[in-house]
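Q: Dumping what Swiss-Prot says about this protein:
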BINDING   Gly114, Thr115, His116, Gly117, Lys118, Thr119, Thr120  ATP binding site
Amino acid sequence: MELGKTRRIHIVGIGGAGMSAIAELLLKSGFDVSGSDLQTGEVTDKLAEHGAIIYRGHSAGHIEGCDVVVYSSAVRKDENVEISAAEKAGIPVIKRDEMLGELMRYKYGICISGTHGKTTTTAMIATMLMESGESPTVMIGGVSDYLGGSTVVGEGKYMVIESDEYDRAFLKLTPTIALVNSLESEHMDTYGTLEELKNAFIAFADKVPFYGRVICCVDWPEIRKIIPMLNRRYTTFGIEEHADVMASDIVMEKNHTVFTITAFGSRYEGVRLHVPGRHNVLNALAAFSAGIELEIAPEKLIAGLGCYSGMRRRFQIRYDNGRGLMIVDDYAHHPSEVKATVSAAKNGWADSRIIAVFQPHLFSRTLEFADEYGWALSRADSVIIAEVYPSREKAENFSGVNGNLVAEAVRRAGGKHVEYIEGRETLSGSLREHCSDGNMLLFMGAGDITHMASGLAEELRNGSVT
């Protein structure tokens, strides 16, 4: 593997999951790698064992002798002394995704994009490949117990990458298979309009070479609109719309889903998933479609899907007392994701009382999607709304925007038991009161609500909640 005359590569933020995986791949490819991070630990120690030079903290001297500097999205470019020093010295400074795109040129790239379902579909494809005897390189934006984390640096030709549309990052990648799992309004701070977002996905599909393939879900109206604009071969999949790869006879019970796949005229019955929800059937169809393009035997693909055991924070059951009291933790933060997660709970656990505990993520998203959240949450038996998790935003820039906007929207949509609770301690106390047999507390959000879910589960395990 060569990157021109590049020999030494310095990585700012090397301890992050995505950056450490790139560092490991570069080391295995024979490059000299150095990197810095504010914190060091097990991940950076492992890289050091492989030959990386690791610096704790940032200093202009760390870039001395390097040919290129790579930085992650978590690093503020205009505030980092190493990046500033590199720019002054005329050393190229690039984002993680550009380096990843260059590395993909030496592999068979399988890139999974879409507004929703990226993480799960990427993990499903990785599981299928590994169960089929392949050794792929995998980078996922979540943690898989099957994979032993979020990244795998394999020896084989396949590179399976979760490809984020935020900040147009996925346009730096070089896929042979480009998978578009879903498409609707999101990241308007990057795109401004839905049309611009669709144009970005078309450009992503155009990154595929003439011998590659685009795989897309026709159950999404906006994807159906862009299909006539695709300039590459494509495969369609779906449940509701006619497609090349379809699912039928879907039966859901608790954490198990059984269905039939019909692919290009062939029928495969008894496909089993150990995760709930119609949305995961669509994710499985996406993975199966990719496997068919790779000419892997359908029987191996189905067996691989059966080995998929889920992702952390994707309907992760953190506690189950065997009498119906459950704590479930999910990353859902877009209305469609929330709707799919609540539906999975209601369909799979029909006898349970579903208590949705939702933490809105970003003030801008709360303002834009309040009504949609209302409809998505209204099917739950009871709804508790927490304060907005601000992430990169500041409350003073969004006067009057809070979780109560969502609570009111749930009531308008027909929700009967709805609370907006301010303050972490008050929320914790209310949640403890709901810990009764037959109740599923379904925590959803991309913020720190996950810590409340794990904390409550731990309290239940050690008997401190009665």
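Note: Cβ is positioned from N, Cα and C throughout, glycine not excepted.
Here the structure is a predicted model, which means the values were calculated and not measured.
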Q: What is the one among the binding-site residues Thr115, Thr119, Thr120 whose Cβ has the most other Cβ atoms less than or equal to 10 Å away?
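A: The residue with the densest Cβ neighbourhood is Thr120.
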Q: Below 8 Å Cβ to Cβ and six or more residues apart, same chain only. Which residues does that give for Gly114 (ATP binding site)?
A: Thr121, Glu165, Leu179, Val180, Asn181, Ser182, Leu183, Cys217
Q: For the recorded ATP site, whose residues are Gly114, Thr115, His116, Gly117, Lys118, Thr119, Thr120, find every other residue on that chain with a C-beta no more than 8 angstroms from the centre of their C-beta atoms, and list them by sequence position.
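A: Once Gly114, Thr115, His116, Gly117, Lys118, Thr119, Thr120 are set aside, the remaining close residues are Ile112, Thr121, Asn181, Ser182, Asn283.
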Q: Among His116, Lys118, all listed as binding-site residues, which has the most CB atoms within 10 Å of its CB?
A: Lys118
Q: Run through the Cβ atoms and count how many others sit within 10 Å of the one on Gly117 (ATP binding site).
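A: There are 24 such Cβ atoms around Gly117 (ATP binding site).
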